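As recorded in TrEMBL:
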DISULFID  CYS46-CYS77  disulfide bond
DISULFID  CYS50-CYS82  disulfide bond
DISULFID  CYS61-CYS67  disulfide bond
DOMAIN    104-186  domain 'ADAMTS/ADAMTS-like cysteine-rich'
SIGNAL    1-29  signal peptide
Amino acid sequence: MECCRRRATSGTPLLFLAFLLLSSRTARSEEDRDGLWDAWGPWSECSRTCGGGASYSLRRCLSSKSCEGRNIRYRTCSNVDCPPEAGDFRAQQCSAHNDVKHHGQFYEWLPVSNDPDNPCSLKCQAKGTALVVELAPKVLDGTRCYTESLDMCISGLCQIVGCDHQLGSTIKEDNCGVCNGDGSTCRLVRGQYKSQLSATKCKTPRDEQSWDLLTGYAPLA
């Protein structure tokens, strides 16, 4: 038994050395792969001045063969609210085609949002008609994929954006409106409130007893 213990013990360093050798080779192969690329270049100007846009950085492959990995990376920028007079970014892109004839006629174009099939194409509707046209295959970088989401279109693809304004982030606001919160800063409120009747509507005895259910979240005192 003592002999067997010694053999097992003496084999342990060999296994450890094999593990170190394999780890070293893996690390070296990753260094060799990264060494085929030039350094990342500077970040480009943001695609928007407010409302959340996108910026990109490029790198060059130094190998005569193809390099593994991406030659472009993105990040969000200008993550500040736009003034009310700025208008909707997708609407601005549609209205830019107002002075361009479509089949020989001018139209005033309005945005078509929340397209489930292709949210990053520029589809616009001619005002006062049922005519919907794809005026561009891709909206500008930084355009929201959907009106009620922070996800943005970049190079024609919808990219996930968390409430922390980071690409690829799945962090969301809690019920209190706190980014990555745990819901502890507000409380659920349920109650009733009396319905407000318009001045032109005649009141009836039943209306006087009309109550609606109110449900919402309120900040903690």
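The backbone N, Cα and C atoms fix where each Cβ goes, and this holds for glycine too.
Automated prediction, rather than curation, is the source of TrEMBL annotations.
Everything TrEMBL records as a feature, shown here on the structure.
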residue	record	contacts (Cβ under 8 Å, 6+ apart)
CYS46	disulfide bond	GLY53, ALA54, SER55, CYS77, SER78, GLY142
CYS50	disulfide bond	SER78, VAL80, ASP81, CYS82, PRO83, ALA86
CYS61	disulfide bond	LEU36, TRP37, ASP38, CYS67, ASN71
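Residue counts for the domain 'ADAMTS/ADAMTS-like cysteine-rich' (104-186) under DSSP, split into helix (H, G, I), strand (E, B) and coil, are 0 helix, 26 strand, 57 coil. Mean per-residue pLDDT, taken over the domain 'ADAMTS/ADAMTS-like cysteine-rich' (104-186), amounts to 95.
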